[in-house]
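Features of the protein shown, as given by TrEMBL:
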DOMAIN    A:9-198  domain 'Electron transfer flavoprotein alpha/beta-subunit N-terminal'
BINDING   A:T247, A:R248, A:Q261, A:I262, A:G263, A:Q264, A:T265, A:N299  FAD binding site
Amino acid sequence: MNLDDYRGVWVFIEETDGVIEGVSLELLGAGRTLADKLEVPLAGVLMGDGIKPLASKVIAHGADEVYMIDHPVMKHYRTESFMKGVIMLAEKYKPEIFLYGATPNGKDLASAVATDLNTGLTADTTMLDIDMDNRLFEASRPAFGGNIMATILCKKHRPQMATVRPKVMKALEPDPSRTGRIIEEKIALSEEDMRTKVLKIVKDITNKANLAEAHVIVCGGKGMGDLQNFQMLYDLADAIGATVGGTRDVVEAGWLPHHLQIGQTGETVTPKIYFAIALSGAIQHVVGMKNSEIIIAINKDPNAPIFDVATYGIVGDALEIVPKLTEQFKQMRNQKGGEISYA
Amino acid sequence: MHIVVCVKQVPDTKIIKINPKTNTLDRRSAPAILNPYDAHAVQEAVKIRKLTGGTISVLSMGPPQATAVIKRSVEIGADRGYLISDRAFAGADTLATSYALSKALEKISKEMPIDMVICGKHAIDGDTGQVGPGIARRLDIPPVTNVIEVAEVNLKEKTVLIKRKQTNGHELIQSQLPCLLTVEKEINDIEYSPLPNMIKAARYEPVIWAVSDFENVDRTQLGLKGSPTIVGKMFSPPKPEGGKRLEGTADDQVKELISLLMDKRELLMPKSAN
Ligand SMILES: Cc1cc2nc3c(=O)[nH]c(=O)nc-3n(C[C@H](O)[C@H](O)[C@H](O)COP(=O)(O)OP(=O)(O)OC[C@H]3O[C@@H](n4cnc5c(N)ncnc54)[C@H](O)[C@@H]3O)c2cc1C
Ligand SMILES: Cc1cc2nc3c(=O)[nH]c(=O)nc-3n(C[C@H](O)[C@H](O)[C@H](O)COP(=O)(O)OP(=O)(O)OC[C@H]3O[C@@H](n4cnc5c(N)ncnc54)[C@H](O)[C@@H]3O)c2cc1C
């Protein structure tokens with residue numbers, strides 16, 4: 001393998017029902033930085049059925065090129081069909097770096113592709129960089145529960161591949177005036193050759209989705225003391241139209257169902273406002289919420305690690321402060337006669 | 001129906017020590033257990049066997065102590081176990097791991113053809129979830145990842161009906177057999193092991209293979225040598241900077257917070273209003 005034959009940064013673009021997944025746009029943002037450092041083009045890889053209109057969006061979000069396969073067999077994601085397409089493109093055009101979202105489909109696809117291309121794949125990364133001296137991709141991921149980061153290198157194989165966690169990288173503001181090259185490829189696939197069929201897709205619109213989409217989140221920790229005290233967080237959430245979440249300890253105590261856990265082994269959230277109440281701010285919790293726009297921490301321990309990530313910190317007793325806060329919000333809502341509606 | 005479940009021994013602790021010289025896990029610092037996801041994988045195989053009959057084998061790669069996770073699998077209900085153990089396998093990344101395991105699976109399938117391979121969604125130590133799909137590619141069978149239910153097994157048609165978890169819901173997938181599944185924890189509850197299983201497990205000795213027991217393995221694809229990825233360095237996660245502390249009595253603090261938030265009131269508006 002001649003490593004110099006491999007040039008360019010690629011991002012696999014995930015698409016559902018004609019909409020590009022957020023993580024793919026984030027990866028175009030991150031990929032842009034890598035490509036600029038290496039002075040190579042950034043490309044998006046777009047596959048599906050009837051996806052041509054999306055190419056301009058990929059370019060607007062930072063790509064110089066779009067590699068595209070439009071085929072009815074690719075209507076829904078399946079490892080078999082998508083893998084064939086990606087492997088064909090990668091063998092033909094030889095990217096040096098190839099990023100995928102660390103989503104169920106992205107991880108599935110990347111693992112299969114890495115095996116066939118006989119190359120390395122770094123899982124669930126949260127930091128990406130280039131070692132310019134060696135023109136080497138440095139993909140870092142939290143290890144051992146997030147207490148430490150490991151930088152994984154792939155020195156002698158190409159492409160250097162990684163899956164990247166959603167909501168960690170930042171998408172660029174779309175620039176519709178950007179132009180780029182669209183390379184469309186054909187692939188011979190037939191439904192008869194497929195060994196798997198997607199019979200049905202069921203969308204779940206329960207709380208879990210709500211948490212990921214929530215604009216304002218009130219997250220409570222074990223410091224609330226008991227289930228009864230925990231209820232006051234719902235009052236606050238009601239007053240400002242927020243969604244309630246919790247730490248793992250709260251879930252383990254049975255105060256909240258598991259799908260409302262925030263953190264490394266729960267949901268990753270990026271609301272505009274995040275209330276972190278009576279929770280310590282363990283690293284495993286923080287990785288799931290640190291990209292919130294404003295973080296408000298309430299904790300009686302002035303040394304609690306949550307204050308390290310908080311935009312505004314209140315040292316005090318949550319059981320005293322939360323009801324006051326709720327009361328204030330309620331009053332303001334009444335005063336304004338519904339003019340400001342938080343919900 | 002012959003189901004093979006891949007089971008990994010992992011350290012069970014929230015505080016794992018890392019050797020600062022080699023940047024590897026100090027495995028002696030933590031008690032070793034059966035990877036929790038793999039316990040669910042074995043349990044699912046037991047559930048399927050109740051419907052279809054057949055045999056459950058488990059396969060592990062690891063040091064000789066990893067026989068413990070095979071015994072644990074027998075407790076849950078596995079019929080037989082294989083351990084591949086050799087210095088040549090050590091230091092493998094996911095590419096080399098899937099290679100070694102697929103070689104062992106090929107060998108097992110010569111004894112008894114395999115209809116289904118089940119893996120955990122991921123191992124709690126390496127935490128990549130890449131080994132299962134890698135094995136599927138090497139055996140050229142379809143992978144179905146993130147499985148939350150095996151709804152139907154049709155031995156006559158050689159198909160299975162599977163629920164696969166997605167970010168916002170799930171998919172119903174039909175796959176041909178043989179195939180490879182990786183399972184989520186919610187797929188089942190681990191049942192109490194019946195006494196006969198416990199007795200069997202206590203005495204159970206798995207088949208152990210070294211590299212020399214394999215005919216056609218490419219040693220350059222094994223272990224550290226066969227691993228394209230390496231750990232470059234370990235470092236503490238960057239510490240984010242904290243912001244403003246609000247001072248005064250509880251009432252003062254609440255008042256100040258409200259006024260700070262009112263300055264950014266557009267943030268409080270739900271997305272649809274933007
Ligand atoms: C592999 C792994 C994965 C994990 N995944 C997650 C995850 O996804 N999400 C997660 O949250 N955790 C996760 N954890 C657990 C995590 O390490 C912490 O144990 C957990 O987040 C702590 O929860 P807590 O902050 O609610 O409780 P504690 O750490 O007990 O903190 C309680 C806090 O409340 C404060 N307090 C007490 N009383 C009051 C009061 N009256 N007013 C104000 N403050 C008060 C205390 O000062 C303290 O800071 C994981 C751990 C591991 C090892
Ligand atoms: C901090 C750290 C970071 C790492 N990062 C990467 C990385 O980014 N990329 C990479 O390629 N490697 C990485 N590795 C190496 C990786 O952990 C090993 O290759 C490991 O042997 C398998 O990967 P896993 O634990 O992630 O397994 P997973 O892929 O998460 O395991 C999924 C399933 O595969 C089966 N399985 C896995 N291992 C075995 C086994 N030994 N025996 C039987 N069944 C098994 C089980 O059913 C398991 O549930 C990393 C290791 C460490 C310590």
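Placed from the backbone N, Cα and C atoms, the Cβ positions cover glycine too.
What TrEMBL says about a protein is an automatic prediction, not a curated fact.
Sequence features, as recorded in TrEMBL, placed on the structure.
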| residue | record | contacts (Cβ under 8 Å, 6+ apart) |
| --- | --- | --- |
| A:T247 | FAD binding site | A:C219, A:G220, A:G221, A:K222, A:Q261, A:I262, A:G263, A:L279, A:A282, A:H285 |
| A:R248 | FAD binding site | A:Q261, A:G263, A:T265, A:G266, A:Q284, A:H285 |
| A:N299 | FAD binding site | A:G223, A:A276, A:I277, A:A278, A:L279, A:S280, A:G281, A:I306, A:F307, A:G313, A:I314, A:V315, A:A318 |
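Cβ-based neighbour count (10 Å, all protein chains) for A:G263 (FAD binding site) stands at 24. A simple way to gauge crowding: the CB of A:T265 (FAD binding site) has 15 other CB atoms within 10 angstroms, across all the protein chains here. If you compare every pair of Cα atoms in A:T247, A:R248, A:Q261, A:I262, A:G263, A:Q264, A:T265, A:N299, the residues listed for FAD, the longest distance is 23 angstrom. In the three-state DSSP assignment, the secondary structure recorded for A:Q264 (FAD binding site) is coil.
Reduced to three states, the DSSP call for A:N299 (FAD binding site) is strand.
The DSSP secondary structure for A:T247 (FAD binding site) is coil.
In the predicted structure, the domain 'Electron transfer flavoprotein alpha/beta-subunit N-terminal' (A:9-198) carries a mean pLDDT of 96. In this view, A:Q264 (FAD binding site) is surrounded by 21 other Cβ atoms within 10 Å of its Cβ, with every protein chain counted.
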